[in-house]
């Protein structure tokens with residue numbers, strides 16, 4: 001029997017990072033918006049982003065140059081239209097962020113005029129990265145959170161996970177297949193609630209938690225990708241998971257990122273004996289794209305049997321380092337490492353999901369009323385490798401374009417008054433929570449070993465066999481026991497793990513972030529790896 005939902009709104013946004021909150025603020029003057037946040041509202045990847053946002057603000061730079069740099073970094077399979085769409089709208093979307101109160105670093109030019117301080121990162125041919133010292137994400141997130149919490153038309157539900165999307169045909173509604181809301185796990189009450197919405201937006205971030213080592217916060221469990229797949233959406237390019245080259249190697253800070261901007265400002269990568277190695281791998285040295293740098297570090301670690309490599313900027317003046325990287329300097333100092341005096345131990349770690357749910361220029365998915373923006377989506381911008389500081393930019397541009405489309409379509413959106421409640425009549429409390437913990441550790445370990453920086457066909461086949469066994473265990477557990485946060489995340493992440501492996505098995509070449517010893521060369525013609533629910537297939 002259908003009942004009135006516990007929550008109802010015009011637009012439900014699942015995720016509270018730069019993508020979700022920028023969209024919420026653009027919509028809220030005209031629409032009622034609910035934002036779901038899995039943890040505290042600031043606990044997402046945006047808050048921890050150090051580098052900055054790429055946009056053309058320098059008169060010596062150009063949109064064409066930004067486009068070409070992105071296409072080169074994407075290793076030949078970016079969607080040129082998407083790249084041009086993002087680059088051409090970058091400045092206006094960054095200006096909107098500035099208008100919201102975000103403070104980027106400035107400096108005084110030789111002519112006495114003040115301008116934004118632009119830094120350069122790997123893959124960029126010009127200085128075009130706007131930043132707030134070395135904590136850009138924190139500045140962006142805290143500004144947007146403050147605006148959202150004070151807007152009368154935005155409700156932020158913290159500690160609330162989406163369990164699954166409610167799709168019309170699965171609950172017996174007639175007409176075109178569309179999304180009508182979501183079931184939501186209230187972590188405070190430990191109950192599943194119903195939320196009706198005329199439009200639903202996935203802004204859930206990526207899936208790097210599928211790997212043992214990651215720079216991401218604990219919530220990056222691929223929820224949006226898995227829910228969209230179950231709802232009937234296509235996904236693409238999930239074999240391209242970016243491994244950030246420089247995560248801190250330290251037992252007390254295993255997911256701490258050392259920003260690309262350090263290398264942009266002259267830091268060197270060194271072996272334990274103090275010698276540089278990046279010039280041996282790429283003429284751009286430390287400023288090569290991330291996939292090349294990560295593989296080089298991985299290669300040197302395995303060749304030397306070393307636990308880590310080192311990042312060294314101690315040749316720069318100490319005042320320069322403290323001024324440009326105050327957060328990193330203080331963090332490392334607290335761990336007994338002086339960035340101004342010594343090299344920092346680093347390893348690669350899973351950082352960014354370049355593929356995701358297939359969308360158009362407005363973030364629309366294959367299901368009517370369902371949008372996906374930010375890291376959860378596949379727009380074609382990143383291709384086989386994301387260029388530094390294009391990720392926050394993608395969040396802003398598609399937050400704007402999705403808002404335009406949602407507003408345009410809202411007068412014609414379907415409205416319903418009742419939805420089926422969550423059915424717990426045939427489940428009981430879990431009796432063996434240790435099973436979930438064991439499955440967590442097993443999944444993340446074999447994904448790191450078999451589907452990491454370097455892959456083989458045999459490793460992928462082994463991973464898929466283990467994923468299939470885990471899925472059977474998890475599905476049985478999900479069917480018989482009440483949901484929990486760990487169970488929901490594990491169910492989603494093992495689904496995304498399968499999609500990652502299936503995409504990787506499709507690609508019979510090494511391109512960008514996907515490197516396999518069995519197919520080390522590039523194919524002459526290639527394109528995105530696309531999976532469709534019900535029948536896995538390649539569309540290139």
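For all residues, glycine too, the Cβ spot is worked out from N, Cα and C.
Cross-referencing 244, 362, 414 against the succinate binding annotation in Swiss-Prot, which names 259, 260, 389, picks out 244. Between the alpha carbons (Cα) of residue 392 (FAD binding site) and residue 260 (succinate binding site) lies a span of roughly 14 Å. Counting other C-beta atoms within 10 Å of each candidate's C-beta, the binding-site residues 19, 49 are led by 19. Here the CA atom of residue 16 (FAD binding site) lies 19 Å from the CA atom of residue 389 (succinate binding site). Annotation note: residue 52 (FAD binding site) sits in a coil segment as assigned by DSSP. Residue 244 (succinate binding site) falls within a strand when secondary structure is assigned with DSSP. Sequence-distant neighbours of residue 121 (site 'Important in orienting the L-aspartate substrate') (same chain, six or more apart, CB under 8 Å from its CB) are 51, 52, 129, 260, 261, 263, 264, 287, 388, 389, listed in sequence order.
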